[in-house]
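Trainee: Can you read through this structure? Questions will come right after.
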Amino acid sequence: MMLNSGDTAWMLISTALVILMTVPGVAMFYSGLTKRENVLNTIFLSFVSLGIVSLLWFLFGYGLIFGGDVSGIIGSHQVGISLINLGSASKYAPTIPEGLFAIFQMTFAAITVALISGAVVERIKFSSWILFIPLWFALVYVPVAHWVWGGGFLQNLGVHDFAGGIVVHITSGIAALALALVTGPRYDQKLMPHHLGYSVIGTGLLWFGWFGFNAGSALSAGSLAANAMIVTNTSAAAGMIGWILMDRLKTGKPTLLGALSGAVAGLASITPAAGFVDIGASIVTGLVAAVICYLAVSWLKPAAGYDDALDVFGIHGVSGIIGTLGVGLFAVPALNPSLTSGGLLTGSTSLLVSQLIGVVTVTVYTFVVTYILAMLLMKFKGLRVEREEEIQGLDINLHEETGYRLT
């Protein structure tokens, strides 16, 4: 198949959109939710994630994920930039150059790592985060991405993840939970957003960029991309309305933070399903994700006693699970030729079983490996800053900078 200029143009745009999601999207969304003494450090965690993962991706990440399968566990031993034939078509997307496919996939890895940082903001050592990034990327993201997208055993079992419900949201959410448990709670656990306006801008950039994230995962400009874009928007809208209603039921007043959280829950939940479900299913997915994520944040977290500071597990992890299982319920084969069977509502149970296997496998693997990795870092390096540094703020103590100079 020949390279297609229209598909190539769309994928160039989609790649840029997903980078925009990480910086400044995630960075601004997170920074607005923290105390003002930690705004720069919170932004820095996302920025440095993009930088480190961008280099690691072309050194070994791409080859070990997409360079050919070895026993269903990991990709080819061929690693490095030489593996990528920049001018030829990708075997995964035959109408775009392989180099473009490679950098598009790199953006997914970068945002996954950046998302994890939200669980441990305001207390993690910056130097420990720098060490965590390459270790977690190599030990968790790379194998999981190969299992699901690179011809690994989960893909061969029929697990479907259109744009990263498993690879991005479940891994980041579960890793965030494990890292938060090992790091321990902040001394002041109250969520005190210092500037919700930043979070509004960040959420807007996320919503905008998510069209590249999901519709771009069609890897071409056509009806599949159009469907993914539509259901992404409707799920985000349904999630936002769902969370507002939950706020209203519990407190009697809707909150802007709730609206932002619901929109992100809707976006995350439709990610694995965007290329497999119709508009009606996307609305149900977004609403269900909002309700369950609301309960995870407002009830499960305080009941269990963990300090996932910005609710990475409660929103991304839970939404990723809901959306992945939603594929097994609502998938419509007519929308995507890669589906060999539909969801449970079409009378088939096989896809739902495959999706459940994928969720359980990745959840357990991610939690165990991340927990062990965090424990090792805690033992040999230390994960969190000193009490006085945390109280005074990380911006001035770790970076000798301040986000605001008020005179």
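From the backbone N, Cα and C atoms, a Cβ is placed for every residue, glycine too.
Among the features that Swiss-Prot reports, transmembrane segment is placed at 9-29, 47-67, 70-90, 101-121, 129-149, 162-182, 196-216, 226-246, 257-277, 279-299, 312-332, 357-377, with the record citing sequence analysis.
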Trainee: Answer yes if the transmembrane segment (357-377) and the transmembrane segment (162-182) have at least three CB pairs under 8 Å among residue pairs 6 or more apart in sequence, and no otherwise.
Mentor: yes
Trainee: Please report, as numbers and ranges, the same-chain residues at least 6 past the borders of the transmembrane segment (257-277) whose CB is under 8 Å from any CB of it.
Mentor: 29, 33, 160-166, 168-169, 193, 196, 199-200, 203, 206-207, 210, 213-215, 217-218, 224, 227-228, 231-232, 235-244, 246-247, 285-286, 288-290, 293-294, 297, 311, 315-316, 318-320, 322-324, 326-327, 330-332, 335-336, 339, 343
Trainee: Do at least three CB pairs under 8 A connect the transmembrane segment (101-121) and the transmembrane segment (9-29), leaving out pairs fewer than 6 apart in sequence?
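Mentor: Yes; at least 3 Cβ pairs under 8 Å.
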Trainee: Is the transmembrane segment (279-299) in contact with the transmembrane segment (162-182), using at least 3 Cβ pairs under 8 Å (sequence separation of 6 or more) as the test?
Mentor: no
Trainee: Check for me, if you would, whether the transmembrane segment (47-67) reaches the transmembrane segment (196-216) - at least 3 Cβ pairs under 8 Å, residues 6 or more apart in sequence.
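Mentor: Checked: the transmembrane segment (47-67) vs the transmembrane segment (196-216), no contact.
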Trainee: Cβ pairs under 8 Å only, please: of the recorded stretches 101-121, 196-216, 279-299, which one is richest in them relative to the transmembrane segment (312-332)?
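Mentor: Between the candidates 101-121, 196-216, 279-299, the best contact partner of the transmembrane segment (312-332) is 279-299.
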